[in-house]
Ligand SMILES: Nc1ncnc2c1ncn2[C@@H]1O[C@H](COP(=O)(O)OP(=O)(O)OP(=O)(O)O)[C@@H](O)[C@H]1O
Ligand SMILES: O=C(O)C1=C[C@@H](O)[C@@H](O)[C@H](O)C1
Ligand SMILES: [Mg+2]
């Protein structure tokens, strides 16, 4: 039964949480919440500016507060920030009360996407090798999600189809 659970998307920067979350929300006609966007709205500055001016700890505290608050809503599509599920409180809430989908990709695809973007302050200062290590460490935690979606070589439409099928069977 779907009851009132949220559909929560998690995974590395560039894994498609925002774009796939948005498409799923339209397809299922369920409201969409992008935590990164709410953080930007709340802080009145971009994520890069928050990291630069206030520091990562400030960002993580705000991320925890905004994420836990929004997970209280019912039946929404929620795209976490890339580090959201690494937070133990957020992870416990997501695993206990919601459907969770890890968008999993080969590291080479993720590195290409992360490198091409200026809006990901965490990745600015990391070498390819450090990003690889981050992906490896985080993947152990992301794997606690209820559903792992292997996205390699799939189009967005195919990924959306896969997710809807899982949702409809659960
Ligand atoms: N299946 C796909 N095939 C090709 N490109 C994709 C696919 N899914 C996502 N992308 C592209 O990858 C990029 C990153 O996607 P998106 O911004 O949705 O990721 P994200 O997980 O929300 O990242 P962040 O954590 O930084 O917010 C976008 O340019 C998006 O169009
Ligand atoms: O992976 C991360 O730690 C991050 C991912 C983005 O979604 C943003 O939440 C921010 O850039 C940090
Ligand atoms: Mg995003």
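Placed from the backbone N, Cα and C atoms, the Cβ positions cover glycine too.
What you are looking at is a predicted structure, and each value in this text was computed from that prediction instead of being measured.
Site annotation (TrEMBL): substrate is bound by 36, 60, 82, and the candidate from 132, 138 recorded at this site is 138. Of the residues 91, 120, TrEMBL places 120 in the same ATP site as 14, 15, 16, 17, 18, 19.
In this structure, the binding-site residues that sit close to ligand 1, with a C-beta under 6 angstroms from any of its atoms, are 15, 36, 82, chosen from 15, 36, 82, 138. Cα to Cα, residue 19 (ATP binding site) and residue 36 (substrate binding site) are separated by 13 Å.
Among the binding-site residues 17, 18, 36, 60, 82, 138, the residues whose Cβ sits under 6 Å from any atom of ligand 3 are 17, 18, 36. Candidate binding-site residues: 16, 17, 36, 82, 120, 138. Those with a Cβ under 6 Å from ligand 2, in sequence order, are 36, 82, 120.
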